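Visitor: So that we are looking at the same thing, I have put the structure below in structure tokens.
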Amino acid sequence: MSWGSELWDQFDNLEKHTQWGIEYVEKYTKFVKERSEIEISYAKQIRNLSKKYQPKKNSREEEESKYTFCRAFLTTLNELNDYAGQHEVIAENLTSQIITELSRYLQEIKSERKSHFHDGRKAQQHIESSWKQLESCKRRFERDCKEADRAQQYFEKMDADINVTKADVEKARQQAQMRHQMAADSKGDYSSYLQKFNQEQNEHYFTIIPNIFQKLQDMEEKRIERLGVCMQTFAEVDRQVLPIVGKCLDGMTKAAESIEPKTDSKQVVESYKSGFEPPGDVEFEDYGQAMKRTASETSLSNTREAKEKPAGKSKGKLWPFIKNKNKGSGPEDFSHLPPEQRRKKLQGKLDELNKDIQKEMDQRDALTKMKDVYVKNPQMGDPASVDPRLSEIGQNIEKLQFEVQKFEGWLAEVEERMPSKSDTHRRSGLYETQNNTTVGNNCAQDRESPDGSYTEEQNSETQVKANINPIPNPNPTSTTPEFDDEFDDEETLPTIGTCKALYPFEGHNEGTIAVAEGELLYVIEEDKGDGWTRVRRNEDEEGYVPTSYVEVFLETNAKDS
């Protein structure tokens, strides 16, 4: 159906309708713009969320990366970041394919509509002007007819009056003829203009206005079609990113499926395994008879009293090293760590050093090749300009190699002390050579590791000794004086400083001493590198405490010595 034929008299309504159509496009454009802003805001929030939970560059986060569930979460965060990027793509495409296009189209359609209605108003004004002229011709014709009729009546009246002169009658007749002629002329003008007006009116309502309305109809249909295309694009912009969004989600699913509880459980062992062996049974000490009292914690007792001793009390004795809280990063050789953890740290340090050496060597090779090129082609550069850098790299490599040797020495040292290093060999040797080891020697060994757990050899020795010679020495007095002498020698050690206990230490193990937090003690022997310091409370009480449990204040002469 055509607007021109059906709506020929609805100029004002069409003007309102087309204006509403343009406003609707503006409304839809605003809608898409707000949707785009939501996508940008959503993408930003998703990116910030992903960034917020990304692991930081610290040792704790590096530890977390060992676990499959932590790596899976990291993958999820990275995929989520890519997912946010797809929402940014949606916003960009909405802007470029809809908002920008519709904004330009709105300017065009507004200009086109204005032009069409300008032509319509011009045609309307013309036909209205013609109508007014027709009305003017009609009124003039009507007036002239009335004037002619009055002049005719006046002439007839004068002609019938005998008192009027002939001259007056002739004058009245001429006036009547003139009025009739004017009426006839007005009739001709009116008739002619009426014909002209009808032609213009016909052209106006059947040609000019229909053409203008047809253009408006075409414009309106194109507007609707354009809006439909934009609505399709609105959906298509989303659909285009679905494959990539799907890949992001697939990545998250794959990451979740990669989680391995057993592997993570095994990693806990790798992360926290100390390398120590659990303490053996605590020996039964019978004060009812003068029997040999060994310093070994792993000696077995088959007496009923030992078996009935409450297990709860021994729990505190088993792990004195658990409370050994190291302050700061610890010594360079990681000696503050348990054997297994120390071995892992040293191996990691060696790997880092070897990587650094490889980097330096790669740089040296590259500079050497550059120098060769300069030697063969002096115009490309001065060979001597490379020498300072080569010398610097050589020094760096020497330093790094020295560091490698140092850490390899520490690693070899700790690996020799690991339980996996041929325990049976050490035990067989002990069987042959230390069957009759004196108590005094045991005390000396205990000074190196009072709890019997830090040095693995000592643990092996005491276990073998306990298995070999479980029966008390029939002549305990032969060893007692030696033990007393050793103890007397230890008592005579002078104090070399004082210390303050930072943490409570139960000191249940042989050779250790219990201390309370904040307690002040005398230092009689410094830490020899095994993590223990020998202290004295009074003449009768002395023993070893973990070095990291106390704050030591050595006397000046002790420090100088």
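Cβ coordinates are placed from backbone N, Cα and C, and glycine is handled just like the others.
Per TrEMBL, the features are:
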| type | residues | note |
| --- | --- | --- |
| DOMAIN | 1-264 | domain 'F-BAR' |
| REGION | 293-342 | region 'Disordered' |
| DOMAIN | 336-413 | domain 'REM-1' |
| COILED | 343-370 | coiled coil |
| REGION | 418-488 | region 'Disordered' |
| COMPBIAS | 431-444 | compositional bias 'Polar residues' |
| COMPBIAS | 455-466 | compositional bias 'Polar residues' |
| DOMAIN | 494-555 | domain 'SH3' |
Visitor: Check the domain 'SH3' (494-555) for me and report the mean pLDDT.
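Guide: For the domain 'SH3' (494-555), the model's average pLDDT rounds to 87.
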Visitor: For a three-state summary based on DSSP, what are the helix, strand and coil counts in the domain 'SH3' (494-555)?
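Guide: The counts are 3 helix, 29 strand, 30 coil.
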Visitor: In the domain 'REM-1' (336-413), how many residues does DSSP put in helix, strand and coil?
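Guide: When I sort the residues of the domain 'REM-1' (336-413) into the three classes, I find 72 helix, 0 strand, 6 coil.
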